[in-house]
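Student: Grabbed the feature section from TrEMBL, which reads as follows:
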- Arg178, 198-201, 266-268, Gln272, 320-323, Arg500, 511-512: substrate binding site (BINDING)
- Glu194, Lys359, 413-422, Tyr424, 449-452, Glu475, Lys502, Glu508: ATP binding site (BINDING)
- Glu194, Asn196, Glu417: Mg(2+) binding site (BINDING)
- 256-356: domain 'Glutathione synthase substrate-binding' (DOMAIN)
Amino acid sequence: MSSCVSHHHQVGVRPRPGRRLPAAVASFLPPAPRRRRRVACAAMSAEAAPGVEPAEAEPVAAALAEMVEEAAVWCAVHGLVVGDRADPRSGMVPGVGLVHAPFSLLPARFPTSFWKQACELAPIFNELVDRVSLDGEFLQAALSRTKQVDAFTARLLDIHEKKMTINKEEDIRLGLHRSDYMLDSETNSLLQIELNTISSSFPGLGSLVSELHRTLLKQYGKVLGLDSKMIPRNWAATQFAEALGKAWAEYNNDSAVVLMVVQPEERNMYDQYWLVNHLKKSYGVTTIRKTLAQVEAEGEVLTDGTLVIDGRTVAVVYYRAGYAPTDYPSEAEWRARLMMEQSSAVKCPSISYHLVGTKKIQQELAKPNVLERFLDNKEDIAKLRKSFAGLWSLDNEEIVKAAIEKPDLFVLKPQREGGGNNIYGHDLRDMLIKLQKEQGESLAAYILMQRIFPKASLTPLVRGGDCFEDLTISELGIYGAYLRNKDKVVLNNQCGYLMRTKVSSSNEGGVAAGFAVLDSVILTDE
């Protein structure tokens, strides 16, 4: 997944009443839109801190204004930072051109029952990814039509097929996943948006935001009516580092390093450096950072399968790049990917884990009786199913017809990781009509998904030291770590979370398009 803060679902405008939809999609209409407003945090209404009486609004506004400056200082002192786009060197030279990561001034309210549900799902999804990854025929068959119309997926499948041909099995398998959810206000349920199996970003900075909010509420919680103890601890950075450290230990070569595969310009490098630091400090493991092009230029696989980069043996390859077509501008990058895949290093993810995270596989797993192929525990299967949103292939004519009639109830998703690829509203209708006319295999490049309508709430957001209030929606990502060596499961944990909050009107004239911030969770009883 992309390191950029991105969101996959947006609140839509309520469609006009029309003829009834099929039962499968009839239950999810969006909430009526509310007018948004932008005001300085100092002048914010008590609405930003629910439960505050109008008489108390003044001290609340004063507290929020103080908090902005304190929070910005905290970010600088504690490394809650990203590269500044205004500085051209910020994505390449560490320590140059830094700004605080955009954040929400207050944590997002989240019902405890749904929080527990999301956390419980992590180990089950970890196990599912591993089981599906071992069924090469299933992956190849499920993605065979996608392969014909999506060149990127085709290249990944070619690498996967080469490994199947030489029957190369991964003895040590490491997964660092993130499953993303939203609370659907129409059905009052927790629904999965997607499962990320490659480059699940923000374990470093996400952990810090929880700490920032806890620190702020210890001081200002009383005025705001919020209890810092209700913010769950977030150990994502240390637990991801632990998983990488344990995978390194399973490889069993004291002089080997962890290779982090990164993009040439990475403004989110500090999120990654948190893991590098934890690995060094807690496990004594050295990490080297290389782009795919550098891996191709400096790397080789020895006859015994050992991956050597720049003269150093690699125990674990950890991808924070390689999930998007833009990461492969030439054949050199594809050669690097194949080389690493064919080595004996532990891959996070392996090519098969990567493929399990595609949208098409997500849609296949949502079909009746498919989960049963991979999991035995009926309770686990029921828990996963409960979290699945409606997912359909474009072969389903009834659903396609419904989506053309009521495009605001659906999202059209291509086989792409990272944000900004999904199609909504009129664009969705036009694309479906175009695809229907073309017929043929191009339908297989997309899946249709139920659009989720989370409740919007007024939130103070801070970016570049400035604070403003806006209507927002939130998306919860739960991290999971899985490590297996042959028959032994070394690790299968839920390990921390990522809360992202964004303005609910981001496809409204593009004023704040894609503006999302890092957030944390404060648990509530509702």
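Just so it is clear, glycine is given a Cβ too, placed from its N, Cα and C backbone atoms.
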Student: Do you know offhand how many angstrom separate Ala321 (substrate binding site) and Lys502 (ATP binding site) by C-alpha?
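Tutor: The Cα atom of Ala321 (substrate binding site) is 24 Å away from the Cα atom of Lys502 (ATP binding site).
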Student: Between the Cα atoms of Gln272 (substrate binding site) and Arg451 (ATP binding site), what distance do you get, rounded to the nearest Å?
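Tutor: Answer for this pair: 32 Å between alpha carbons.
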Student: State the mean pLDDT for the domain 'Glutathione synthase substrate-binding' (256-356).
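Tutor: That stretch averages a pLDDT of 97.
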Student: In whole Å, note down how far the CA of Glu194 (ATP binding site) lies from the CA of Ser201 (substrate binding site).
Tutor: 14
Student: What's the number of neighbouring CB atoms sitting within 10 A of the CB on Tyr424 (ATP binding site)?
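Tutor: So the Cβ neighbour count for Tyr424 (ATP binding site) comes to 17.
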Student: Note down the number of other Cβ atoms within 10 Å of the Cβ of Glu194 (ATP binding site), including every protein chain shown.
Tutor: 21
Student: Rounded to a whole angstrom, what is the C-alpha distance between Pro414 (ATP binding site) and Arg267 (substrate binding site)?
Tutor: 25
Student: Measuring Cα to Cα, tell me the gap between Tyr424 (ATP binding site) and Tyr323 (substrate binding site) in whole angstrom.
Tutor: 23
Student: Ser199 (substrate binding site) has how many other Cβ neighbours within 10 Å of its own Cβ?
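Tutor: Excluding its own Cβ, Ser199 (substrate binding site) sees 28 Cβ atoms within 10 Å.
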Student: Would you mind sorting out which of Asn196, Arg451, Lys502 (the binding-site residues) have a C-alpha within 10 A of the one on Arg178 (substrate binding site)?
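Tutor: Final answer, ordered: Asn196.
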Student: Asn196 (Mg(2+) binding site): which of the binding-site residues Arg267, Tyr323, Arg451, Lys502 is the nearest Cα neighbour?
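Tutor: Nearest by Cα distance to Asn196 (Mg(2+) binding site): Tyr323.
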Student: With a 10 Å radius around each C-beta, find which of these binding-site residues (Arg178, Arg267, Lys502) has the fewest other C-beta atoms nearby.
Tutor: Arg267
Student: Given the binding-site residues Glu194, Arg451, Lys502, which one's Cα is the least distant from that of Tyr323 (substrate binding site)?
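Tutor: For Tyr323 (substrate binding site), the closest Cα among Glu194, Arg451, Lys502 is found at Glu194.
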Student: For the C-alpha pair, I'd like the distance in angstrom between Glu194 (ATP binding site) and Arg267 (substrate binding site), rounded off.
Tutor: 24
Student: Suppose we draw a 10 Å sphere around the Cβ of Pro414 (ATP binding site). How many other Cβ atoms does it contain, all chains included?
Tutor: 18
